[in-house]
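To start, the structure itself, in structure tokens.
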Amino acid sequence: MKKIILTIIDGLGLRKERQGNAYLQAKHPCFDYLFSMCPNSVLQASGQYVGLPEGQIGNSEVGHLNIGAGRVVYTGLSLINKAIENNTFKDNEILNDVIDKTIKNNTTLHVMGLLSNGGVHSLDLHLFEILKLAHSKGLKNVSVHVFGDGRDVKPQSIKNSLETLKDLCQKFGYKISSISGRFYAMDRDSIFSRNQEAYDAILGQSKNVIENIDDYIESQYKKGIFDEFFEPAQLKDGVFVKNGDSIIFFNFRPDRARQLSHMFIGSNLYTYKPKNQVQIDNFVSLMKYEGINSKIAFKEMEVVNPLGKVLESNDIKQLRLAETQKYAHVTFFFDGGVDIEYKNENRILVDSLKVDSFADYPHMSAKEITDSLLNNIEKNDFIIMNYANPDMVGHTGNLNATIEAIEFLDSQFQRILEYVSLNHENVTWFITADHGNAEITEDENNKPATKHTTSPVMFICTDKNVNLGNGSLCDVAPTILDYLKINKPKEMTGKSLLK
């Protein structure tokens with residue numbers, strides 16, 4: 001059986017327009033060769049094609065879920081939205097229970113999360129529905145702690161959501177008590193010093209005490225500090241977390257919610273102990289945060305027989321390879337949102353640089369990823385790997401840095417292509433991406449665009465004897481299994497794109 005390399009480029013979509021398109025403005029001779037000489041097609045990577053609402057931008061979690069599952073996976077955003085649409089959100093047992101207990105104990109319910117309409121980690125609508133539910137049940141003591149986005153949405157976009165939130169809080173008698181940028185509140189690289197600053201603001205122990213949230217946002221903007229990087233601050237008249245209170249974390253995506261959750265209720269994931277630990281009565285997450293013992297409001301779709309399981313069942317040695325920023329995506333998310341290591345599975349984690357902005361280091365750890373691939377390909381049969389550059393640098397909205405990231409990625413692809421060309425009888429290379437981003441780094445006004453896109457993505461195969469049709473991310477696994485002449489499991493509803 002041929003060895004397979006499945007490379008997932010993070011955040012590189014296909015778009016014809018040149019303006020703001022880092023890919024089209026970059027020099028990429030290896031990509032040019034692959035597109036001109038190898039079978040290739042186009043895959044949909046957003047909206048209903050990946051289990052999201054129509055028109056919703058794709059993201060790394062959803063992209064890897066769909067690729068690994070071989071079917072459309074309906075994720076937290078769709079599940080929660082559907083509950084709101086069919087009017088069952090108000091009947092959610094876990095949400096009602098935490099509200100009832102807060103009323104009974106005469107304590108405070110704190111609702112925290114990313115205030116964004118991006119729909120990648122959270123959706124502002126979910127916060128609003130929680131507040132409406134609490135008010136309908138007569139809960140008077142509710143405090144809201146918001147995190148600025150500016151990454152999956154425009155850098156200065158919090159105000160629209162904030163206006164709606166302020167109106168609801170004024171109507172219901174609730175408080176907005178703290179604000180932090182996601183850079184602090186949602187770190188996922190174990191840089192707990194960042195989380196600690198957000199945690200302090202939520203506990204009312206921040207060094208930054210502000211009178212008015214709108215004035216504070218304007219003051220941050222004047223300093224060139226936008227939503228993602230808001231310095232954590234607490235409102236002078238805020239209501240802060242104390243012993244016996246309860247928390248609802250309304251982010252539905254887990255990877256950037258785990259560290260802050262750990263600080264409130266502990267876990268076996270990390271050893272960090274926060275300063276000024278509080279005892280939380282009830283801690284609720286809208287979806288499951290793997291490794292965090294929260295009460296889960298909405299249960300996710302179970303993925304049976306993802307690609308990794310099929311490889312295990314066929315005694316195929318597999319390697320998962322990524323740098324820190326995307327390691328969870330080629331493991332946890334690729335395996336259907338389950339933390340499992342299969343028989344004959346190897347894993348290599350390449351450390352990501354711990355920097356404030358990857359615009360300053362657009363190469364990231366791409367060279368080390370390639371080194372690891374070439375050093376380990378002989379020991380494995382199926383390599384699932386991720387390059388993070390286009391997405392992580394694209395999120396900065398820095399066009400020149402993103403161009404450099406793509407050009408460096410192209411040089412790494414050249415190294416892989418040389419190996420594959422020399423060993424083409426034994427190795428086939430499949431290339432795709434999980435969603436778009438780097439192809440739109442500037443908007444129509446030449447301002448930085450930092451969010452994901454709805455662009456389709458590439459699907460390339462270096463075996464020139466095949467023909468590829470167009471499809472969606474869920475078709476990648478069935479296609480590769482068909483190529484290997486392995487029957488796909490019945491649960492994989494994606495189709496082979498081999499013609």
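Heads up, the Cβ atoms here are built off N, Cα and C, so glycines get one too.
Taken straight from Swiss-Prot:
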BINDING   D10, S60, D434, H435  Mn(2+) 2 binding site
ACT_SITE  S60  active site, phosphoserine intermediate
BINDING   H121, R151, D152, R182, R188, R253, P254, D255, R256, K326  substrate binding site
BINDING   D391, H395, H452  Mn(2+) 1 binding site
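Candidates D10, D391, H395, D434, H435, H452 (binding-site residues) were compared with R256 (substrate binding site); none lies inside 10 Å Cα-Cα.
Proximity to S60 (Mn(2+) 2 binding site), judged by a C-alpha distance within 10 Å, picks out D391 from the binding-site residues R188, P254, D391. Here H395 (Mn(2+) 1 binding site) is positioned 11 angstrom away from D10 (Mn(2+) 2 binding site), judged by their C-alpha atoms.
Here the CA atom of D152 (substrate binding site) lies 8 Å from the CA atom of H395 (Mn(2+) 1 binding site). When the binding-site residues R188, P254, D391, H452 are screened for a Cα within 10 A of the Cα of H435 (Mn(2+) 2 binding site), the ones that qualify are D391, H452.
Site extent for substrate: the farthest pair of Cα atoms among H121, R151, D152, R182, R188, R253, P254, D255, R256, K326 sits 17 Å apart.
Looking only at other Cβ atoms within 10 Å, the busiest spot among the binding-site residues D152, D434 turns out to be D434. The Cβ of H452 (Mn(2+) 1 binding site) lies under 8 Å from the Cβ of G11, S46, I57, G58, N59, V120, D152, D391, H435, G436, N437, each on the same chain and at least six residues away in sequence. Around H121 (substrate binding site), the same-chain residues at least 6 positions away in sequence with a Cβ under 8 Å from its Cβ are L114, D149, D152, R182, M186, N251, F252, R253, R256, A257. A C-beta separation below 8 Å, combined with a sequence spacing of at least six in one chain, links R188 (substrate binding site) to D255, R256, R258, Q259, Q325, A328. Sitting within 8 Å of the Cβ centre of D10, S60, D434, H435, and not among those site residues for Mn(2+) 2, are the Cβ atoms of I8, I9, G11, A45, G58, N59, G63, H64, K326, H329, D391, A433, N437, H452.
Note: the CA-CA distance between P254 (substrate binding site) and D434 (Mn(2+) 2 binding site) rounds to 18 Å.
For the recorded Mn(2+) 1 site, residues D391, H395, H452 set the reference point as the centre of their Cβ atoms, and the other residues of that chain within 8 Å of it by Cβ are D10, G11, N59, S60, R151, D152, P390, M392, G394, H435, N437, A438, T450, K451.
Counted over every protein chain shown, other Cβ atoms within 10 Å are most numerous around H435 among the binding-site residues R256, H395, H435.
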